[in-house]
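Report on the structure given below.
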Amino acid sequence: PNYIGAPPNCRPECLQNTECPNDKACINEKCQDPCPGSCGQSAVCRVTNHSPICTCPEGFIGDAFTACYPKPPEPVQPVVQDDFCNCAPNAVCRDNVCVCLPDYYGDGYTVCRPECVRNSDCALNKACIRNKCKNPCVPGTCGEGAICDVLNHAVVCSCPPGTTG
């Protein structure tokens with residue numbers, strides 16, 4: 001039912017992301033929008049090279065993968081801070097030292113970024129899924145009894161030797 005073409009040349013719509021337009025990803029053998037479920041509440045999702053990129057909209061702050069919330073208004077009176085931190089985005093000041101938020105990596109002062117933003121940030125046998133390098137071969141990715149391999153960050157489904165499908 002999810003195949004295209006006329007018998008006996010039926011085939012899935014896609015087997016890997018490169019068979020889909022850049023704004024779609026190969027999900028369960030169909031070219032689909034990878035955004036649903038990828039970003040946090042109130043975040044904006046755009047697709048770049050088959051991967052969802054989550055950002056907080058203008059006037060919002062937070063972790064786009066968890067939730068974005070309205071930026072609080074600037075205080076009327078200048079606030080005197082006890083610390084001298086000048087931290088990077090996605091970092092907090094603890095005891096006058098900038099520290100990246102959980103699941104962010106960097107020095108805290110110049111950069112705090114997630115483990116990955118795009119597939120090329122990961123090893124070739126992993127894909128960037130919700131900003132973590134993970135094995136994209138999860139149950140249900142390929143058909144029943146199929147072998148799931150990862151080639152250049154993309155899922156490749158194949159039949160075991162001696163079988164077809």
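Backbone N, Cα and C atoms are what each Cβ position is placed from, and that goes for glycine too.
Annotated disulfide bond per TrEMBL: C35-C45, in sequence order. Around C35 (disulfide bond), the C-beta neighbours below 8 angstroms that are at least 6 residues distant in the chain are C45, R46, V47, P52.
Nonlocal intrachain contacts for the domain 'EGF-like' (32-66), taken as residues 6+ away from its ends with a CB within less than 8 angstroms of a stretch CB, comprise 17-18, 20, 22-26, 90, 101, 114, 117-119, 128, 130-131. If you look up TrEMBL, you'll see 32-66 marked as domain 'EGF-like'.
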- Task: Inside 10 Å of the Cβ of C45 (disulfide bond), count up the other Cβ atoms and send me the figure.
- Result: 17
- Message: Can you break down the domain 'EGF-like' (32-66) into helix, strand and coil residue counts using DSSP?
- Response: 0 helix, 16 strand, 19 coil
